[in-house]
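The annotation domain 'Major facilitator superfamily (MFS) profile' is assigned in TrEMBL to 39-462. According to TrEMBL, the feature transmembrane segment maps to 34-57, 77-97, 104-123, 135-155, 162-184, 190-208, 272-295, 307-327, 334-356, 368-392, 404-428.
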Amino acid sequence: MAIKKDMEETENTVQDEIRAPLVLQDEKHKENNFMVYLSTFVAVCGSFAFGSCAGYSSPTQSAIREDLNLSLAEYSLFGSILTFGAMIGAIASGPMADFFGRKGALRISTVFCTAGWLAIYFAQGPLPLDIGRLATGFGMGVFSYVVPVFIAEIAPKTLRGALTAANQLMICTGVSVAFIIGTVLTWRTLALTGLIPCAVLLVGLFFVPESPRWLAKIGRKKEFDAALRKLRGKDADISEEADEIQDYIETLQKLPKAKIFDLFQRRYLRSVTIGVGLMVCQQFGGINGICFYTSSIFESAGFPADIGTIIYAILQVIITALNALFVDKAGRKPLLLVSGAGLVMGCLLAALSFYFKTYEIGLAAAPALAVTGILLYIASFSAGMGAVPWIIMSEIFPINIKGAAGSLATLTNWFGAWAVSFTFNFLLSWSSYGTFLLRKEVATAPKDFGSHLAGGKRRYYL
């Protein structure tokens, strides 16, 4: 019995010794994510700057037109030229991120945004105003690509989904903050507030490491090891992850580089059609027209613009945050279907409101219908059509065409954003209710979508 008791005690001691390092190792891994969180915070300052650029034109329309004596066409050009600059930035972002590195590309885009905001602040006429808006648009286009790529490359697998979702959340937060403070600040002061996230990003980049994947890709082995160790902690074992990254880079370099025309091969056509088609639905549903000119829509409908804009801003952030929590559980296709149905209903309600106002039918109900329609629209967009197309795009493209296909989809997205934001004010003048009827969309996922996301599960081509 004594021998048996001694053996049990020895086994318990050995098990405790085995468990102890594992517990300590887990604790270390939890503590060592600090640099990942800090790097993500710095990067999403670019997302916030993106949102600040997008949200600027809505609360400032009346004041800028009055102060600088701009016509509707001149202000529409000012509002929409942002997306034209973003188109150029999106095209340049990939080569910039590969040549200058992720941090280098973020620095360049920050300089463009800073110069743009200063040009807007000092503007005395339409030309410097448009040049400033174009510069901020270029920076915005670069941010749209580099920020999520940088976060995905520095984050460990367990945190990658949540941290990448922070990008979309901060874009919406930037838009919402611009909407809210734009109701109390002058348009020149609001332009200066756009410098704050740029300054934080520019300073913060000095304290965070470069993307280890980019360093591995260009063959800077020592810096790659140092960056990965800084992100995971000095006591963390990075050998397994380092080997995985090196294997990934070697596999990527062996694959043939796809060109735009390769995307139209039969084997790629389905995924490309889905990716580009979702971007068309996202933008031509009218989101940028509504986002850029929210205040004027509420004014036209007879609803207090300040109150409507603040409600819009708060609702957008809440729904986007909830979407980040449930997007994996709910599945991509159900979210798109629910979101599409809500967008159609929101446009119909807004169209009905303007129809009543135009023909002086039920004038008392028109403002309530308008605000209900717009809020339902933005809630539905934030719930699915805003973030889900980007998530799907990252999941369905095979690795060898991901760069070319992603560029095509992003270019389509920004072209749609420019077309909608430029024509929206003219359409609203032509027919207020007709504009919202045009914005209706049948947001049903393609029939072959289920072959890529069978049973709601993601299929990765990595």
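Glycine too: its Cβ is placed from the backbone N, Cα and C atoms.
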On the domain 'Major facilitator superfamily (MFS) profile' (39-462), the mean of the pLDDT values is 86
With the greatest number of Cβ pairs under 8 Å to the transmembrane segment (272-295), the stretch among 104-123, 162-184, 307-327, 368-392, 404-428 is 404-428
Could you tell me whether the transmembrane segment (34-57) and the transmembrane segment (104-123) are in contact, taking contact to mean 3+ Cβ pairs under 8 Å with a sequence separation of 6 or more?
-> yes
May I ask whether the transmembrane segment (34-57) has at least three C-beta pairs under 8 Å with the transmembrane segment (404-428), counting pairs 6 or more apart in sequence?
-> no
Among 34-57, 190-208, 307-327, 368-392, which stretch has the highest count of C-beta pairs below 8 Å with the transmembrane segment (135-155)?
-> 34-57
The transmembrane segment (190-208) versus listed stretches 162-184, 307-327, 368-392: most Cβ pairs under 8 Å = 162-184
Have the transmembrane segment (368-392) and the transmembrane segment (34-57) got at least three CB pairs under 8 Å, pairs 6 or more apart in sequence?
-> no
Outside the transmembrane segment (34-57), at least 6 residues beyond either end, the same-chain residues with a Cβ under 8 Å of its Cβ set are 78-79, 82, 106, 109-110, 113, 116, 136-137, 139-140, 143-144, 146-147, 150-151, 154-156, 159, 163, 166-179, 182, 190-191, 193-194, 197-198, 200-201, 204-205, 207-209, 230-231, 233, 288, 291-293, 313
Tertiary contacts of the transmembrane segment (307-327), as residues 6+ beyond its ends and Cβ separation under 8 Å = 55, 58-59, 162, 165-166, 168-169, 172-173, 175-177, 179-180, 182-183, 294-295, 298, 335, 371, 374-375, 378-379, 382-384, 386-388, 391
